[in-house]
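**Student:** Structure provided below as C-alpha cells; questions to follow.
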C-alpha cells in the first residue's frame, strides 16, 4: 500500500503521541489514597487531649543543616545554636525527598505524603490542595491559624487562615523586603491571644542562594537576621507562658537545602538535608551539643497533628518523632504510637495488595495485641516493674512497626507503572525504526512509501504475535502486585494495541528485508562516508547510552567525548583534502581552495595558503576551546562539588580579572557578530554590549576602572532595560528585512541579512542573561561557529545533513559548558528577573528557559542562518541530507527545531533512565517525521513551479 510521505509522517507522529501518553501515564501514576477518612471523627475523639497549646512554625526557605549544626553554626545563628546545645529542645536532620522544590516540600510537610516529579511543573502555579492535610484538619477542629510569607501557602490553602499576608516567592532579586513583609507582623501578633498556630515562611535566604550561592557574603547577615527573629519569638512565647497551662512548641525548619551553586531541586546531600529544631518547655534541657538524629521530613506531619490533638492526615507516610513524647506517661506514649500505627496500617491496606505479608504490618498486629494485654494489667491497677518492662517492650515493638510500615509505604509511593511505561516505549521504538527504514524511499522522487500492510495482516507471524502479546498481557495483569493502568483498559482497546504492535513488528521486518543487499535496490540509497558513520554511530550510541542512569547523570562526559572525536575526524578530512589531494593532478590543485564563486584564480596564492593553514588550525583550536570551557564549570553529579575556574573568577579577590575578561569577551562578541549586520544594527549592538557591562557592574559582578569594590550594588534594572531596548530594535530591524525579502522583493541578500540580524539580537540578549564568568562560553561559541563556517563546512563541502548533526552535537556540548546538567538544581532562575521590578510569570519563564538552553538555541539559529545564506549564495550539497535543507527553508520549521531543542529535557526528568532514553528517541522521531512533511511540501512546491 503506497502512502504519501506527508501522510505517512503524520500518522507516525499521531501514534507516537499515543505511545508517549501511555508512557507518561505510567511514569506519573495516580497515587493510591487511603479510605479510612470515615474514621477521622473517632480519631478526633481519641486525640482530644493535645500536648501543646500553641505552635509556631518558622520555615526558612533553603536552610541547610550545616548552617545550624555545622562548624559555622555558632557564627551564623548563635542563639539557635545555644538553644540546641543548652535549651529544652530536640534537634534533627530532616531529610527531604526529591524534587527539592518549595511547593512539593510544603505538600510533604502538611500532608505527610511524598509528592512526585509532576509537582515540579505545578510549582509554577500551585492549585488549591484538596488532599487531606494538617491545615484542613486544624481549621476543621476550630484552630485559629495565621500565616505570613510565601504566597504558595495561600494558593494551596485558600480560606484556611484567619489572617495572612503572602509574598511572591519567584522574584529572587529581592531578599530584603520579602522578609521584612513577614517580620513586620510579628510584634503585634505575638502580643495577641487570638491564634493557636502561626506559620512563618521566610524566602530571603533562598533568594540569596539563587543570586550568589551558599558561600556569599550575604548569607551570614541573613542568617543572623533569622536568628534574631527566632530569639524574638522564643522570648515572646516564654513571657506568655502561664502556670498550669499546656506548653508551647516552636519549630524551626527548612523546606529544602541548597546546592553548592545555590540552587535546589535535586537529590544531593546539601539539598535534601535540612535542620529541624523543636523547642518547648515540655522537653528536657540539654547539657551539651549532641549529634542530631536523622528523621524524614514527613515525620513532622504526624508529630504536629498528635501534638495538637488532631487526626493524622490519611495519606501520611510519616511516623511520630518519639522524642516529643519523652515527658509524657507510658500509657500516653503507647496511645499516640498506636494511633500513628493504625493510620499507617490502613494506608498500607489500600496501597499494597498483599499487605498482610509486609513485615511492618505483622509487627504492628503483634504490638497491638501486646498493647491490649498491657492495658488490661494497667487498668487492673498493676504497678509492678514487670508492667513497666512490658510497656517498654510494647513501645519498642510499635517503633519498629512504624519504621517498617513507613519505609514500605515510601517505597510503594515511589513505584512506577512499569508495564505501561514499557508498552509506551515499545510503541515509540517500533515507530522510530519503521520511520528510519522508510526514510530513503520517502525522500525519493516519488515522495511515497510502500507499506506492506495487507501482507503483514494476512501473515501467520502476525496472528502468532497477537496470541503471544495477549498471553503476556493476561499473565502480567493477573500476577501484578499492584494495579497497572494498561490492565485497567477495556479488552477492545487492549486488543487494538496488541494488533497494532504486532502489525508494526511485521511491517518492520518486511521493510528491513527489502533493505538487505539481496532485496531490490531503492533509488537514491544513501552512501556513507567515514564522517557519516561517525555522526550516525555517535548519535545512536549516545541515545543508547542513556539506558544507564550513570550516563544520564554524567551525560556531559559523553558529549565532550563525542565532540573531541568529531574534531579529530574533521581534522582528518582537512588533512586529506589539503595534503593528500594536493599530490593529485594539476587540475585538482587548481580547485584546491574554491572561493565563493568556485574560481580559485581570484585568490592570491598567499591568501590560498593562509586559508589552508587556518583550516588546519580550526579543529585543534576547537579542541583547545572545549578543554578550557570544561574547566570553567563543573557539572554532573559526582564531581559537581569540585572547585572550578568559575568559582575562582567569582571570588572577590579576582573581581578585576573577571572584569578584564568580561570586557575582552564583549569586544570579541561584537567583532564576531557585527560583520553581517546593517550599520544601524551595528550601532545598536555596540551600545547594547556596553549596557551589558554596565548591568554587570551595577549588580557588583564586575568593575569599571573608576569604581571601588566596596561600593553598594543595585538590581541593575535600568541598565538591563537599556539593553532590552536595543535587543528589540535589532530584532525589529532583522524581522523587517526578512519580511521585505519574502513579501515585497525576492532579495536573497536582504533575507540573509535579516536572519543574521535576528541572530545578533539573540546573541545580545544571551550576553545580558549570562553571568559574567560565563561570557567566555558565548565568546567561544561564536568563534567556533565563525571558523567552522568559513574554513570547514564551506571549504570541505559538507552537506546539510552533516552540518545539521554537527550543529546538534555542538549545541548539546555547549549546554553543559554553561554549567547545566540533567539536574533541575542547575537551573539558574535568577536570570528570569533581569530588568524586572516584580514577578511577572511569562517573561520570567521565557528568560529562564532562554538562558538555560542558550547553547543549543544559538547553534540551531546559526544553522538556520548558515544554510539559508549558503543556499542563496550557491547550492549547498544536499545529498542524503536534502530533507534537512527543506526543513530549514521555512520559518515554521525553524520554529519547530527551536521548540524541540528547548523542550529536550521534558518536565526536567533527570534521574530515571527510561524517560531519558524514550525522550531522546522521541526527539529523533519528531525530527525525522517533520522533516518528511516539509520535504513533501518542498517537492510539491517545486512541482507546481515547474
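We number each residue from 1, going along the chain as drawn.
Here the Cβ of each residue, glycine as well, is placed from N, Cα and C on the backbone.
Just so you know, TrEMBL annotations never went through curation; they're auto-generated.
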**Student:** Among 656-673, 782-799, 800-817, where does TrEMBL put the label transmembrane segment?
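**Tutor:** Here TrEMBL associates transmembrane segment with the stretch 656-673.
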**Student:** Do you know which of 393-412, 513-532, 533-552 TrEMBL annotates as transmembrane segment?
**Tutor:** 533-552
**Student:** Check each of the ranges 488-512, 563-587, 588-612, 613-637 against TrEMBL and return the one annotated as transmembrane segment.
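**Tutor:** Going through 488-512, 563-587, 588-612, 613-637 one by one, TrEMBL gives transmembrane segment for 488-512.
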**Student:** Rank 418-439, 685-706, 754-770 by Cβ pairs under 8 Å to the transmembrane segment (488-512) and hand me the top one.
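**Tutor:** Going through each listed stretch, the top one turns out to be 418-439.
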**Student:** Average the per-residue pLDDT over the domain 'GPI ethanolamine phosphate transferase 2 C-terminal' (526-921) and send me the rounded value.
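**Tutor:** Its mean pLDDT is 79.
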**Student:** Counting a contact as 3 or more Cβ pairs under 8 Å, with residues at least 6 apart in sequence, do the transmembrane segment (754-770) and the transmembrane segment (685-706) touch?
**Tutor:** yes
